[in-house]
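Single-structure report; data block below.
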Amino acid sequence: MSEMIYGIHAVQALLERAPERFQEVFILKGREDKRLLPLIHALESQGVVIQLANRQYLDEKSDGAVHQGIIARVKPGRQYQENDLPDLIALHDRPFLLILDGVTDPHNLGACLRSADAAGVHAVIVPKDRSAQLNATAKKVACGAAESVPLIRVTNLARTMRMLQEENIWIVGTAGEADHTLYQSKMPGRMALVMGAEGEGMRRLTREHCDELISIPMAGSVSSLNVSVATGICLFEAVRQRT
């Protein structure tokens, strides 16, 4: 069993963390890229089989996405399960979690993972039935974060949120109609931030299981932000409060 990843950052990140997962790598024939050459040398030093391929082959393997001239066939990584969450929480005095409810675009999932990694989030939680898959597109956008931030898929998000509350984790949800803003919130301790789908927001049951609702103040004419942008804003306000 194998999966495909593509893009310089995604391949580089996996090489640094788990070189044993590589099976073979395809490089665009004739491409001379100063960012690509050191990566090729590093792959070769690990004994990874590298093959030259034309653009049509790479485009087909990546479903027409921007692959930057490199695609790798790799062994699947660790799949975190719902029952891994208590152990992950126990590793930290102040767990910092991100919950994504209804983020179904892999580009947005990848961007949220990238922001989560940069902010020091310990795990990202998504529902099994309303979430994008962690596919090659999401991994490329994540720029390596998909290999460092545990992504946990849960069967029942509301039940998981209740479990988090039993672990004394404060759950902060984002909603446009919240009565106070992100900058009036208190997020210094054990917490989980909940982000809903762009436009739709959180589902009703998810909203009802939040301990606090906050909004991002908007000064312009647009009514909402892309979920990955909003996630970055909220995460780094939490980081500011936690440091």
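Backbone N, Cα and C atoms are what each Cβ position is placed from, and that goes for glycine too.
Given the structure is predicted, the values throughout are model-derived calculations rather than measurements.
Residues G196, I216 are given by Swiss-Prot as S-adenosyl-L-methionine binders; from L225, L235, that same site also lists L225. Using the Cβ center of G196, I216, L225 for S-adenosyl-L-methionine, the list of other same-chain residues with Cβ within 8 Å runs, in sequence order, T174, G176, M195, E198, G201, S215, S224, V227, V229, A230, T231, I233, C234. Pairwise Cα distances among G196, I216, L225, the recorded S-adenosyl-L-methionine-binding residues, top out at 13 Å. For I216 (S-adenosyl-L-methionine binding site), applying a Cβ distance below 8 Å and a minimum sequence separation of six or more within one chain yields T174, T181, L182, L225, A230, I233, C234. Local packing around the binding-site residues G196, L225 was summarised as the count of other Cβ atoms within 10 Å of each Cβ; on this measure the leading residue is G196.
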